[in-house]
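Engineer: One structure coming up, written as structure tokens, with questions to follow.
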């Protein structure tokens, strides 16, 4: 089982056995509680059901405990909570424009969207093979998006506030929510040219939004504020000592940065530009989650990543405010905020790419240009998740599942936009096809070479760097599309 399986078993034990005051201090296991309080309460509720399956899973000292009853309970709990995700997908499908609907139900945008979301390869392997509870969390996110698209603004804001206190990674897309609610709910009218009517500002609406945020935050963090433990909770939620990158580099800008530093180090050693005795012995690809120093390029600090992230998000937020496009503009901003945070964030996990892929699914069935970007991002992003399933029995499973999802994605979107030009150009097609020889090399050829013992990190490095190129390209292409689209086209699309 994955480490996340033990992580969640340990959290069941912590919340079941210890008082609230010790939840964020308990450290018997290395997998300490590092999710916001609502998720801790979720684990607490599950633990009272888990005790009827196998009480031993709730013993804190039973590290790496995995009886058959424990496996069944944890796996089934993920499946059961996916009910919320299914409902959220249904609500999102109701928001989709059906003007392109064909005679065959399988060619309707709503059917294609439902399949792309419910059958999402990344979510399937991360939750149901690797093991996590992303399904119901994305369900909360999609449901909040649906409510905002339906102009049920307070419901959408409340759902997103709750989501943030379940898993704080969703703060990546908080700027999109904040600006959209301010633009469309706190200001109640526009001028005839589409610009903001400043006199339409509603103090009542701002007050209502503020009350929702404060109430949810008080329910979540209030007990820990009373106990004087808020700094401890924050330190668990944002552990900056874990280092710039995860053990497996997420395919983002820092993966390219690290690879460049490695390449310059090799060249520097070969031509005696660098002193071997002054090079750090710890390897960035050694599998450890730790702080490290770059050899040639400047080392990156948490503050630097925050500044880069904020700068990369600003243009999308600017467009959402000054060039409003309704729900479609909101979705574009969500995707760009998620991708920008993924590209430049501190200690980003590869699984965070799903935060951009799932909202982009809603755009992919609306416009051919967005469908093309979706195909590049999903194919590359999903391939980057392959290292999560690293055992031999899992190899045919992940390849087959991804092939099925990828073939359906390409065929369904191509059928939906058959009157449009090709969704991908020849260069994009060649790039995606090169994923096949990359996988063959990493899984079949490399293990047979002597490099496996001396350079074991090479498959991960190649996968991360190659996928980073595709994700960066998709991010830039979407940004160019949003920034260059004229206002008149936006109004017609809306």
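In case you wondered, yes, glycine gets a Cβ from its N, Cα and C as well.
Annotation comment: TrEMBL describes 71-89, 110-126, 156-182, 202-227, 303-323, 329-348, 396-417, 429-449, 455-476 as transmembrane segment.
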Engineer: For the transmembrane segment (303-323) and the transmembrane segment (156-182), decide whether they are in contact, meaning at least 3 CB pairs lie under 8 A, counting pairs 6 or more apart in sequence.
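Structural biologist: In contact, yes.
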Engineer: Count, for each of 71-89, 156-182, 202-227, 329-348, 429-449, the Cβ pairs lying under 8 Å from the transmembrane segment (455-476), and report the range with the highest count.
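Structural biologist: When the Cβ pairs under 8 Å are tallied, 429-449 comes out ahead.
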Engineer: For the transmembrane segment (71-89), what are the same-chain contacts with Cβ under 8 Å, counting residues 6+ beyond its ends?
Structural biologist: 1, 5, 8-9, 46, 49-50, 53-54, 57, 113-114, 117-118, 127-128, 131-133, 135-136, 138-143, 146
Engineer: Counting Cβ pairs under 8 Å that sit 6 or more residues apart, are there three or more between the transmembrane segment (329-348) and the transmembrane segment (429-449)?
Structural biologist: no
Engineer: Between the stretches 202-227, 396-417, 429-449, which one has more Cβ pairs under 8 Å with the transmembrane segment (110-126) than any other?
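Structural biologist: Looking at each of 202-227, 396-417, 429-449 in turn, the most contacts to the transmembrane segment (110-126) are made by 396-417.
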Engineer: Any residues 6+ beyond the ends of the transmembrane segment (396-417) with a Cβ under 8 Å from its own?
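Structural biologist: Those are 100, 102, 106-107, 109, 112, 115-116, 119-121, 124-125, 129, 364-365, 368, 371, 374-375, 378-379, 382-383, 386, 389, 423, 439, in sequence order.
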Engineer: State the residues, same chain only, that lie 6 or more residues beyond the ends of the transmembrane segment (429-449) and have a CB under 8 A from a CB inside it; answer 'none' if no residue qualifies.
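Structural biologist: Same-chain residues near the transmembrane segment (429-449) but 6 or more away: 375-376, 379-380, 383, 386, 395, 399, 458-459, 462-463, 466, 469-470, 473.
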